[in-house]
Amino acid sequence: MVGEGPYLISDLDRRGHRRSFAERYDPSLKTMIPVRPRARLAPNPVDDAGLLSFATFSWLTPVMIRSYKHTLTVDTLPPLSPYDSSDINAKRFQILWEEEIKRVGPEKASLGRVVWKFQRTRVLMDVVANILCIVMAALGPTVLIHQILQHITSISSGHIGIGICLCLALFTTEFTKVLFWALAWAINYRTAIRLKVALSTLIFENLLSFKTLTHISAGEVLNILSSDSYSLFEAALFCPLPATIPILMVVCAVYAFFILGSTALVGISVYLIFIPIQMFMAKLNSTFRRSAISVTDKRVQTMNEFLTCIKLIKMYAWEESFINTIHDIRKREKKLLEKAGYVQSGNSALAPIVSTIAIVSTFTCHIFLKRKLTAPVAFSVIAMFNVMKFSIAILPFSVKAVAEASVSLRRMKKILIAKSPPSYITQPEDPDTILLLANATLTWEQEINRKSDPPKAQIQKRHVFKKQRPELYSEQSRSDQGVASPEWQSGSPKSVLHNISFVVRKGKVLGICGNVGSGKSSLISALLGQMQLQKGVVAVNGPLAYVSQQAWIFHGNVRENILFGEKYNHQRYQHTVHVCGLQKDLNSLPYGDLTEIGERGVNLSGGQRQRISLARAVYANRQLYLLDDPLSAVDAHVGKHVFEECIKKTLKGKTVVLVTHQLQFLESCDEVILLEDGEICEKGTHKELMEERGRYAKLIHNLRGLQFKDPEHIYNVAMVETLKESPAQRDEDAVLASGDEKDEGKEPETEEFVDTNAPAHQLIQTESPQEGIVTWKTYHTYIKASGGYLVSFLVLCLFFLMMGSSAFSTWWLGIWLDRGSQVVCASQNNKTACNVDQTLQDTKHHMYQLVYIASMVSVLMFGIIKGFTFTNTTLMASSSLHNRVFNKIVRSPMSFFDTTPTGRLMNRFSKDMDELDVRLPFHAENFLQQFFMVVFILVIMAAVFPVVLVVLAGLAVIFLILLRIFHRGVQELKQVENISRSPWFSHITSSIQGLGVIHAYDKKDDCISKFKTLNDENSSHLLYFNCALRWFALRMDILMNIVTFVVALLVTLSFSSISASSKGLSLSYIIQLSGLLQVCVRTGTETQAKFTSAELLREYILTCVPEHTHPFKVGTCPKDWPSRGEITFKDYRMRYRDNTPLVLDGLNLNIQSGQTVGIVGRTGSGKSSLGMALFRLVEPASGTIIIDEVDICTVGLEDLRTKLTMIPQDPVLFVGTVRYNLDPLGSHTDEMLWHVLERTFMRDTIMKLPEKLQAEVTENGENFSVGERQLLCMARALLRNSKIILLDEATASMDSKTDTLVQSTIKEAFKSCTVLTIAHRLNTVLNCDLVLVMENGKVIEFDKPEVLAEKPDSAFAMLLAAEVGL
């Protein structure tokens, strides 16, 4: 209601003058009009609402009715109000935050103080509404109930008019109370949503301001933007409520003292004593929650790593290791959650416990002092204490909100005070100079704000937000710095690039080469401004485009990935597609360039991802191009086409910096730089450097394969065949080679071309509104997970006994008053008069007192037992569901991970687990307490005043209609909110992956804009969901006000046969029921909504189909299998899913034991699919693979995969130590580890690290270069001692020299093994025994490389010719 308009983001106008009150609060003042005269066309109906519509949530009624009649979707709901939008509120919050920092500095700045300033006007208005509500709430039970009871016990029945007036007054106060209460929540919800969107947007903007991230982990960011932002939402809702407690306590204390005397102070004291106890419990809860959140971050981070590295984990059969790791972390998390749960459960139970203790102690003390007590006084005090119970009842909500918000604000402040370093990039003075580095010495940024990390964690974690699945994460621009390991592991940052000096003029092509870890990618990072300049100058002129070493692909279609926010120009776009060799790929995709690319490009091959990344750069039409090894993932034909058509022709006149390991391309560069150990070793033209016969010339000789068996003869033959073919023919072949099938190692959709304007069935499955609908099966699953029906029944019994004891105490007091009071009613002159003896009888044996005190003790005892039992049960359920879902997902086939976005899975394991761990128990506990209290109230009222049930039955029809509409609407809105959260999650993770690319193309604003759109969409659905709860609550309250009025009339007008104590009990209970019934229904609905998370997890338990494990057949497999390593494919066919084309079609081949086979073919020919088949990541459509006379389908998956070894195309390292990455199972000695490190030329690098084998490996292994990561993966493979080795482009990220050394190592280390090598660089397969050439999933050639090279029409000879011709 109250707040700034969408364009008034501060109190000052552009000239610095303070805005007038009317200007700042114009929208809010319009809302103050009781009834707006006519409907307007605001995007959100709340902006057209008058005060009555706003306070009663009537503006939401059309949405509720629509939800009952039709299924709601994201598109059918109105958008978020502009006044509540991310953009406006983030700007306003930022102004206040900057003022705070300017005033006290970043370290002393209080984010909590800024939050208060941001919402104080609205909070004050909320408090005013709450105070008015509390005054009305206290007035009814204290004054009016007392007057009504006094009236019926001491006044003759002839004065009916007074009784009716008192009843009308009671109805008025109760109705006004619920109206002010609804108004307070209406204000609160919009306040909370504004705070949520403001801070989440500001956090995201701040994270995106960094070019590299060093101060936060991936697990933290997911938790902060999901759980923490929601914690602030709840804090904004509940924190203002305690402000009314002092007023309520004073009013009730004064009146209690007035009607009861000094003994009323006993009950008041009980409340006052318990309030600091709750505050202490809040502090304790905050401590436990803070500890639990840090463990949750670790679990989410490890889960993220698992999901993004799932392919390698499956190939290495490490599922059990990861399951144990996750389960161990979960156990630690559960222990901390248990402690927090005990405290929280105690807080929740305090309301009924404190109320009972206060009432019992007050009356017991009163009676022992032999003070007089009548029914009007007793039940007025009870009604008043029940009103005071509100102060204790709301405190658990407020305490929990404050505890969690304090933790969240601390985490958020850490992000907000972190500032990106100033840019060191300057502008060259000469306009013809595009790049200028003069004596530039650079280092990686020192990590900050990670106090929790051990000293060894001072390693430079340069952009820890990227996904841990290396083949899918975005930028490897900072990777080549492993050679500087001892320097950047030290306490202060040391240089990685030393005294770099060179100049690149406009239109020139600079080639950069060097060994693994020499600093090539670091140099690109330096040009992007991602490092720290220690000395010298780095000058860059003009806008640039950047192609990272491993392509960043975001979720969207191909065209969106290429355009990257630029306007579509058909001619320019088609040309870009052609020169990047994508035309045939797009034609074969089911929807052309409108085909949806799965998250991280899951349905594309590595070469396709890289060419789309290159196409994005070409289409951007920039002056400077930084290309970090863009052609390593494509074969020779495609590489030649792209280099000739794209880099040499299309980019002619542009300035290009090309980092490459494919040294044949350097001949065409205007200048070449050779890096070694972060320094320029040689610099000049290709010709000059060759004439110098230095290190560069040696690298070129390595390229020519002088170490291979007679490769010169093979090359010479290929060259002869090349000369026979015209250049035009070769170019045409190169274009045709630009993409046969779409997907290599991933699933193709279909070969049939479909209308690109109507994509109907894309790869990534979207969540439907029906997913997550809560049914009885959901509760059944949850109950079974919690320990079974017996355990759940015992927990319910404890709730029953606790609330029953509380209700019994009040009922027993009524009995006591009934028996002990001498009330004589007689008819005199047609009037009924009652005289009361105001002293209680039968106190000498103290039976009534003892039973009364026993009821208090039982409430306390059952409350404590219930708290421990309920917390253990709910956490057992959430942990059981977590483990079951994780175990199901772990064993799902790769197709599941290809079609399910990681953002959606992370949503399940972060936000949904937070719901099950914390929020569901909290709501469920309150609901069960309220439910049993409602039941006991109805039972007692039926016993003492049965006519009340007739009144309730009369309004039951209206109640059921409301409930039906409400239940359906809330369920629909919760589904929509869940669905809209997943794209928001995916965008966050995708943006952090592509941080370097986003900055290079200057698309930060576009990325933030999309975040705001998705954030607003999800927040609007969250707001609608919560408003729907209040929509129902208000209408239920009004119904119960009518019931209260009717009961009050019946009490006033009823016959004298019903005792005064029964009437008093009925009135006090009906007042309590008036608010309690709607709270119970609403809390129950909220609890059911929280069960949506359980249902979403249950769906994975039911729908995740495990891989076909096929256990051993008895006697079919020897213990030492495979002993030889012979592989036979028999008529083998494979497709990724039903109704999709075959990716391997009728393979028949035999590979003898100990042979080395090079597998080559164009992009998408099925090379990587061969590896998927061998490891049974995909089951065959028909045919068999036989290894040493054993059909692999008869072997258990774990047994099969542990016997084979895969060295992946993209290196995968996990967070941990070097030792853990080499030997996760801990089954090898240190000596064995050093031996394999020496054989892979990594021993010296690891020896330089302070911790050596125990040195930390950061997320994605980013403290090692890509090449070094690959060498570590090679060392890992050597340890496994397998008879069959598959190398999938394993040396693509290595320079030719290291490649040569590694190839010789492979030949020596695996000489008794069968080795299959998938490669694009043909020099890596020339020394193989056999070469397997694939095309369209079929074997087209299979022979010795020299034999195939001598055949002029062989496909292998054409591939060689293309490479040699470069």
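Any Cβ shown, glycine's included, is placed from N, Cα and C.
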Which one of Asn285, Asn830, Asn978 shows up in Swiss-Prot with the note N-linked glycosylation site?
Asn978
Counting other Cβ atoms within 10 Å, pick out the least crowded of the recorded positions Asn439, Asn515.
Asn439
Within 10 Å of the Cβ of Val516 (ATP 1 binding site), how many other Cβ atoms are there?
29
Determine, from DSSP, whether Asn439 (N-linked glycosylation site) sits in helix, strand or coil.
strand
Rounded to the nearest Å - Cα separation of Asn439 (N-linked glycosylation site) and Ser518 (ATP 1 binding site):
17
Number of other Cβ atoms within 10 Å of the Cβ of Ser521 (ATP 1 binding site) across all protein chains:
26
Using a Cβ cut-off under 8 Å, which residues of the same chain at least 6 positions beyond either end of the transmembrane segment (257-277) come close to it?
146, 245, 249, 350, 354, 357-359, 361-362, 365-366, 369, 371, 377, 380-381, 385, 388, 391-392, 395
Residues from the same chain, set at least six apart from the ends of the transmembrane segment (377-397), whose C-beta lies under 8 A from its own:
134, 137-138, 141-142, 145-146, 149, 234, 238, 241-242, 244-245, 248-249, 252, 255-256, 259-260, 264, 267, 271, 274-275, 278, 344, 347-348, 350-352, 354-355, 358-359, 362-363, 810, 813-814, 817, 926, 1061, 1064-1065, 1067-1068, 1071-1072
Cβ contacts under 8 Å made by the transmembrane segment (235-255) with residues that lie 6+ beyond its boundaries:
119, 123, 126-127, 130-131, 133-135, 137-138, 142-143, 184-185, 188-189, 191-192, 195-196, 264-265, 268, 271-272, 275, 384-385, 387-388, 390-391, 394-395, 397-398, 400-402, 404-405, 408
For Asn515 (ATP 1 binding site) and Asn978 (N-linked glycosylation site), what Cα-Cα distance in Å is obtained after rounding to a whole number?
49
Starting from the Cβ of Gly519 (ATP 1 binding site), draw a 10 Å sphere and report how many other Cβ atoms land inside it.
29
Rounded inter-Cα distance in Å - Lys520 (ATP 1 binding site), Asn978 (N-linked glycosylation site):
44
Validating a neighbour-count step here. Other CB atoms within 10 A of the CB of Gly517 (ATP 1 binding site): how many?
29
If I take the alpha carbons of Asn978 (N-linked glycosylation site) and Gly517 (ATP 1 binding site), what is the distance between them in whole Å?
45
Around Gly514 (ATP 1 binding site), how many other CB atoms lie within 10 A of its CB?
29
